[in-house]
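Reviewing the structure listed below.
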Amino acid sequence: MTKSFSFTSHANVAFAMLLLFFIMSTASQAQLSSTFYDRTCPNALATIKSSISRAVSQERRMAASLMRLHFHDCFVQGCDASLLLNDSASIVSEKNAFQNRGSARGFEVIDDAKAQVEKICPGVVSCADILAVAARDASVAVSGPSWTVKLGRRDATRASQAQAESDLPLFTDSLDRLISRFGDRGLSPRDLVALSGAHTIGQAQCFTFRDRIYNNGSDIDSNFATTRRRRCPAAAPNGNTNLAPLDLVTPNSFDYNYFKNLIQKKGLLESDQVLFSGGSTDSIVSEYSSKPATFRSDFGIAMIKMGDVSPLTGSAGEIRRICTAVN
């Protein structure tokens, strides 16, 4: 008996679209290679590393900022450096999106790395690849994990503030919403928890955690909340941009204290604490809190997977001469 397969239902149409996305994504990924610049610009990676190391040595927090840039780039249109484009007659910059405005930083470090690479190999290395390499080098610079960066991405010629505001995670996101956002990009709940571990370094602005520290909820340690209130007054907009470390214990070290903090109800952001709140990711947080080597390994794996999200390859896009504008 022969069965016919019809794409008449919404479920089957959705499945077909997902399958097509997977096939296209896999084809793009196949063109990425860690040796992509070995012949065309053999000193590219060393040049980028020098720029990143210098920037992080001047300001430790920059490591977190550079990793966040790569993350915020890949989640909108894929890893195509669309985040780096400034406003122009044809572009409304993703830098203006709520999740980026006033908080995304480190652009000048990427611009410097690009300028240094252009001196030795003009028109060869993409801004998208520089973002990916910078994230790895930033992690290493603060004693975090290393991973092999696949290369060969090309740069977008468009950007979308609207898509950034729609697709980027919010500090108020629920666990289900976070799992959905990451799942849409081929990232598992385990990848979500591992990548969130980047919050072991860096800082957040008062307005992103004000509600959490003043709502007297059962999911926050009361002493922790009291401590955080000292530099984050209850009445907005007072102190809106005051900074607090995401990890109060070791704010400048890439370690696994972030996960210990969550277990103690000391996650600074609501979107951090939901990872350990009686839900499906509790067991992963517990595992990482006691097995730092597993966390470091999984973080590298998740960063590689994130770097594979919908890259432009082949003749798509372009290699920008400067990262802030199309050629």
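Any Cβ shown, glycine's included, is placed from N, Cα and C.
What TrEMBL lists as Ca(2+) 1 binding site is Asp73, Val76, Gly78, Asp80, Ser82, Glu94.
According to TrEMBL, the substrate binding site annotation covers Pro169. Packing around Pro169 (substrate binding site) is summarised by its Cβ count: 18 other Cβ atoms lie within 10 angstroms of its Cβ, all protein chains included.
For His199 (heme b binding site), the same-chain residues lying six or more positions away in sequence with a CB closer than 8 A to its CB are Ala64, Leu246, Asp247, Tyr258, Leu268, Leu269, Asp272. Among the features that TrEMBL reports, heme b binding site is placed at His199.
According to TrEMBL, the disulfide bond annotation covers Cys41-Cys121 (among others). If you take the C-beta of Cys41 (disulfide bond) and look for same-chain residues 6 or more apart in sequence within under 8 angstroms, you find Val117, Ile120, Cys121, Val124, Val125.
Around the Cβ of Cys79 (disulfide bond), the number of neighbouring Cβ atoms within 10 Å comes to 29. The feature disulfide bond is assigned by TrEMBL to Cys74-Cys79 (among others).
What TrEMBL lists as disulfide bond is Cys127-Cys323 (among others). Of all Cβ atoms in the protein chains displayed, 30 besides its own lie within 10 Å of the Cβ of Cys127 (disulfide bond).
A 10 Å cutoff on Cβ-Cβ distances gives Cys206 (disulfide bond) a total of 21 other Cβ atoms nearby, all chains included. Residues or ranges marked as disulfide bond by TrEMBL: Cys206-Cys232 (among others).
Taken from TrEMBL, the feature domain 'Plant heme peroxidase family profile' applies to 31-327.
Cβ atoms within 8 Å of the centroid of the Cβ atoms of Asp73, Val76, Gly78, Asp80, Ser82, Glu94 (the Ca(2+) 1 site) belong to the same-chain residues His72, Cys74, Phe75, Gln77, Cys79, Ala81, Leu83, Ala156, Ala159, Ala164, site residues excluded.
Spatial neighbours are here defined as Cα atoms within 10 angstroms of one another, and by that definition the neighbours of Cys323 (disulfide bond) among the binding-site residues Gly78, Asp80, Ser82, Glu94, Pro169 are Ser82. Closest by Cα distance to Pro169 (substrate binding site), from the recorded positions Asp73, Cys79, Ser82, Cys206, is Asp73. Long-range Cβ contacts of Asp80 (Ca(2+) 1 binding site) within its own chain (separation 6+, distance under 8 Å): Asp73, Ala128, Arg153, Arg154, Asp155, Ala156, Ser310, Pro311, Leu312, Gly317. Cys127 (disulfide bond) and Val76 (Ca(2+) 1 binding site) are 15 Å apart (CA-CA, integer value). For the disulfide-bonded residues Cys74, Cys323, the largest tally of other C-beta atoms within 10 A is found at Cys74. Spatially, by CA atoms, the recorded positions Glu94, Cys127, Cys206, Cys232 include one closest to Cys79 (disulfide bond), and that is Cys127.
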